[in-house]
Amino acid sequence: MAGWSILELLRSNPEALKEHVRKRLMDPAIVDRAYRLDVEWRRLLTMVNEVRRRHNEITRMIAKAGSREERERLIAEAKRLLREREDLEEKLKKVEREREEALLGLPNIVAPDVPVGDESATRPIEFWGKPKVWKGHVDAFREQTEAYGFKVDHEVIEWRPRGHADMMEEVLKLGDTLRAARVAGSRFYYLFEDLVFLDLALLMYAIDFMTSKGYVLVLPPYMLRYNVMSRVIDLETFKDAIYEIAGEDLYLIATAEHPLAALYYNSEIYDEDLPLKLVGVSPCFRKEAGAGNRDLKGIFRVHQFHKVEQFVYSLPEESSKLHEELISNAKEIFKGLEIPFRVVNIASGDLGACAVKKYDLEAWMPAQGKYREMVSASNCTDWQAYRLGIRLVRRKGMERGYVHTLNATAVASTRTITAILENFQDEEGVVAIPRALRRYLEVFKRAPTDAIHPRRRPPA
């Protein structure tokens, strides 16, 4: 039976696991603690089993005792062994709790082709499209392309594009973050009319694209219990990012990845049913507590948004190939939207606990003169599956192990809207609608057909 890869590495080569932890810029002492507790747990478990075996043996001997003295001696020994077993079991329970906590605190390993370092070590691996680059951003553009050895064809424009926040609120007058802040706080928003239609069209476009590739469409729960959420992610690390429902054992999901990963909680999946490819659609709720003052304007970094999420349960030997498929799907989606982008290989120190490797797809934002994250695609191998108790059963030999899980954004609606507002505007403030979205707008009588035009006043 195949065990959890991290536990096997902890037992066979703890120094190698420490090196993976160091690559993530984490304290390797967590490996020492987990190793020590695992050794102690196995020692106590062996002792409990031995005392239990001896107690059962003595119990059988009592019935066969030849004299009263021998019977009383055996009964006394059985009572002593029972007390010893109870004491050992109490110690075992305590160590088992500490061991489980320590094991759940261990991150995944790091794939060999992941750049090592903090976020500055992240490296672009691919560029697509012909970005519009304002003349004042040409040097910054070259630092994000040529500095990494890529020569990216681009169009230099004389006029300065307006940021998505100004486009949304001042030019198109189809969004209002100030009134949202008065009633809900910062990082909330009202969207109106054409931008709402655009949000819906993006979701339908991504759903249509993913289901046409055979992914099963899922509308998941928007909340999860603590004992589930804490196993999908390292909740202690991310507790400031997740909303907890006061007085309830429930947490709002930050992405459909969370309930999709939990779909087979404490269950088995047979190898013949893999890969299981899902696409979830849901609202997402995020505190963004660590964002500080970044992206306060507009709707790039907000507390709630809609997202279409790719998720795959995989055989271990197929997860690397499927990781490439997930990022390929995202690339096709953004190529269809005609939004210039680059794909980056995320550095080890910025992976988070669960991924062995992560790609981000970043869209070019002409007003900012930067590539900004739109998509994350992660291979979590068996890290989530072990925590969630999702076992793989191979029919041949009925061998058991753990499935691999992978996830990737298809479309996050508000972020993608920001990219459309910046990439598809003209000097007059008119925003062309990507051609791939237009057929999804035809079902709405009042939706725009080919462009969104500036307004003199907001609709509400």
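Including glycine, each Cβ sits where the backbone N, Cα and C put it.
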Report task. Return the residue out of E309, E362, E373 that Swiss-Prot annotates for the same L-serine site as T255, A256, E257, T409. Result -> E309
Requested in this report: Among V279, V302, find me the residue Swiss-Prot lists at the same ATP site as R286, K287, E288, E373, M374, V375, S376.
Outcome: V302
Report task. Using the recorded L-serine site (T255, A256, E257, E309, T409) as reference, state which further residues of the same chain have their Cβ within 8 Å of the centre of those residues' Cβ atoms, listed in sequence order. Result -> H258, L260, G280, S282, C284, K307, V308, Q310, F311, N407, A408
Query raised in the report: Which residue, of the binding-site residues E257, E288, E309, has its CB surrounded by the fewest other CB atoms within 10 A?
Result: E288
Query raised in the report: What is the Cβ neighbour count of V375 (ATP binding site) at a 10 Å cut-off, with all protein chains included?
Result: 26
Report task. Enter the number of other CB atoms within 10 angstroms of the CB of K287 (ATP binding site). Result -> 17
Query - By Cα-Cα distance, the member of binding-site residues T255, E309, T409 nearest K287 (ATP binding site) - result: T255
Query raised in the report: What does DSSP assign T255 (L-serine binding site), in three states?
Result: coil
